[in-house]
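Some notes on the structure that comes next.
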Amino acid sequence: RAAMEASELWVGFVGAGRMAGGLVRGLLQAGKVPASNILASAPSDKNLDAWRELGCRTTHCNLEVVHRSTLVFLATKPHILPGVLEEIRPAVGPHHIVVSLVAGVTIQTLQRLLPPWTKVLRIMPNLPCVVQAGAMVFSRGSNAGDEEAALLKSLLSSCGLCEEVPESYIDIHTGLSGSGVAYVYLFAEALAEGAVKMGMPGALASRIAAQTLLGAAKMLLETGEHPAKLRGDVCTPGGTTIYALHQLEKGALRATVMDAVEAATNRACDMAKD
């Protein structure tokens, strides 16, 4: 039923930033929702022009989005959200599904600031959603049932991996995947710079580094093997890879990355308390 309803769905976005735009592109490319069924609001035209080019409708009025949509995505900056919820609260009815993309705002807070019957879900995407290769997790509030969860998963699977998790995992996901994208970029940059040091042109090195990461990730997902098993498959006795891995171990790569995930997760927890 969720998939069948998607094409008849009226979808609204309160906030029209880059992440929201990435989700919309995924929905449109997958044919999940027609552009004419999508309405986005933002204070200025700066972000809305890109939505118009996609064929979506736009407005400067948040209330109009709620009045004309069934599924409403909240995609504002965290400090703006309480004021937005106060504004739209009178228009939220039992038929609405409200999905927050806003970092650091808990389901409990969303439910407190919206009418008591509201079906609330919280999703945490990451930047590669912009190219439909994201990693997303979502959690549901007390009034959101299996139907709402299935609908959301059906829609957002067009933007990448989408998993339902307990809300306590959302901050961990931020440390692992939301911030983790930046760790991977840093690693890609270092890989390419190593090749430049050894005499390869920079542009070629960057392309090969990116393809190496893409291929390695695809093998992890498609084989389902543990990373250690695949790593072992690349190592031959006395070969190049084991010499290189020895250097990475001397530099404490694994411990440093684990520390990075921990630091980002703790920061996400702190931001939620602010």
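Cβ atoms are placed via backbone N, Cα and C, with glycine included.
Caution: TrEMBL annotation is automatic and unverified by curators.
Given the structure is predicted, the values throughout are model-derived calculations rather than measurements.
Note on the domain 'Pyrroline-5-carboxylate reductase catalytic N-terminal' (11-104): mean pLDDT across this stretch is 92. For 11-104, the entry in TrEMBL reads domain 'Pyrroline-5-carboxylate reductase catalytic N-terminal'.
Residues near Asn62 (NADPH binding site) in space but far in sequence (CB under 8 A, at least 6 apart, same chain), listed by position: Val14, Ser41, Val84, Glu87, Ile88. What TrEMBL records for Asn62 is NADPH binding site.
Annotation comment: TrEMBL describes Ala75, Thr76, Lys77, Pro78 as NADP(+) binding site. The Cβ neighbour count for Thr76 (NADP(+) binding site), using a 10 Å radius and every protein chain shown, is 25.
Marked as domain 'Pyrroline-5-carboxylate reductase dimerisation' by TrEMBL: 167-269.
Other than the site residues Ala75, Thr76, Lys77, Pro78, same-chain residues with C-beta atoms no more than 8 angstroms from the centre of those residues' C-beta atoms, the NADP(+) site, are Gly15, Gly17, Leu74, His79, Ile80, Leu81, Val84, Leu101, Val102, Ala103. With respect to Cβ neighbours within 10 Å, the binding-site residues Ala75, Lys77, Pro78 differ, and Lys77 shows the lowest count.
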